[in-house]
C-alpha cells in the first residue's frame, strides 16, 4: 500500500506521525500505528496598503535565530509563495471501490489477515540472518518488479482499480501475497495516491488524467518476508512544477539512504532529507515515517524524515524502509471517511518514494531494486 509509512499519532512529544508504510487505516492511539484523523486548516488571507515614509534615520536591530527557527520561517514564506504560483489539478474525487480480490488458498497469508485486527508496531528490530536476508532479497526483488510493471500501466483513462487488479494478479502468480490486502481492513492489494493524496490511496473507478502524478506503493509477502517499495509516476503531460517536486523527492530518498551504515545515527536520515527538500522550497511531511520491515510488516525503528533528536544507531544486518513524502504547499492533511486516503489540506500535490534497505558494515544495500 502506501507501502510503508506507518502512522504514529502521539509518539514522541507533541508531533503527530504516521508510519508511511503501505498502509494506514484508522486513527491510532499511542499504542497503535496507522492512519490519521482528519485535520482542519484555517485559510490565510493577506492584505496590505501602500505606505509613504518621510526621510528619517532607521535603526535596525537583529537577533540570532536558530537553524530550526530559520527553517520554519523559510517554510512559511514558501508556502505562501507557492499558493499563487503552482497550477492546480481539479480536486481529487473518490470513485467507486470494487470488492476485494480473492487470493488462492495455497498462498500463505501474513498473520494479521486472519485476525482482521490492525497490529501494533512491533518493538523488535528486523535483523534477518543469512537465510532470512536471502528471503528478504527475493521478496524485495519481486516488489520492485511489480512496481515497475505497475508504472507501465499509468496512462490517461486507466483506472487505479485496473492497476490494482494487474498488481494483484502478478503477485499471486509469483506465489506471494499482496501485503496491504486485509491489513487493518484495507480493501485493496496496492496503494495508489494521486496528486494531493499523500499516501494510502484506495484504488477505485476514477480514471487517470493527463497531468496527474501518482504514487504506487507495492508490498509483497513472500516466503514469510515482506518487501516494500513505492515510486511516483507521471501520467501524460505533467506540469514542470510537479516534475521538479517528484525529482527532488527521489533525490531526498537517495540522500537519506547515502548516510546509512553500521553505527550511523538514525537522525542523520531526517537531517539530510530536510536539508535537500528545503534547498528547493519543499516541505517534508512529518506525520508519516519509515519503519523496520522483514517477517513483520511494520516494526521499530521508526524512521523520521525530518530533523529530529531521536536516539538510536543502525546495526549491521538490519532492514527498514525510508519513504519521504514532500509537498509543494502545506504538510497539514485531511483523511477521507474511508480512514485511509490522506490528502494535503490545501489541495497541493505531494510526491513520495520508498525503498527497503539492508544495513551493511560499510554502507547499505537497496533491496527493492531490480
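Every residue, even glycine, has its Cβ placed from backbone N, Cα and C.
These numbers come from a predicted model, not from an experiment.
The feature substrate binding site is assigned by TrEMBL to 200, 298. The annotation divalent metal cation 1 binding site is assigned in TrEMBL to 217, 228, 354. The feature divalent metal cation 2 binding site is assigned by TrEMBL to 228, 291, 323, 354. If you look up TrEMBL, you'll see 135-360 marked as domain 'Peptidase M24'.
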Rounded to the nearest Å - Cα separation of residue 354 (divalent metal cation 1 binding site) and residue 298 (substrate binding site): 14
Inter-residue C-alpha distance, residue 291 (divalent metal cation 2 binding site) and residue 298 (substrate binding site) (nearest angstrom): 6
Of 200, 291, 298 (the binding-site residues), the residue whose Cβ has the fewest other Cβ atoms within 10 Å: 291
Overall pLDDT of the domain 'Peptidase M24' (135-360), taken as the mean: 97
Of the binding-site residues listed as 217, 228, 323, the one whose CA lies nearest the CA of residue 298 (substrate binding site): 228
Neighbour count (Cβ, 10 Å) for residue 354 (divalent metal cation 1 binding site): 31
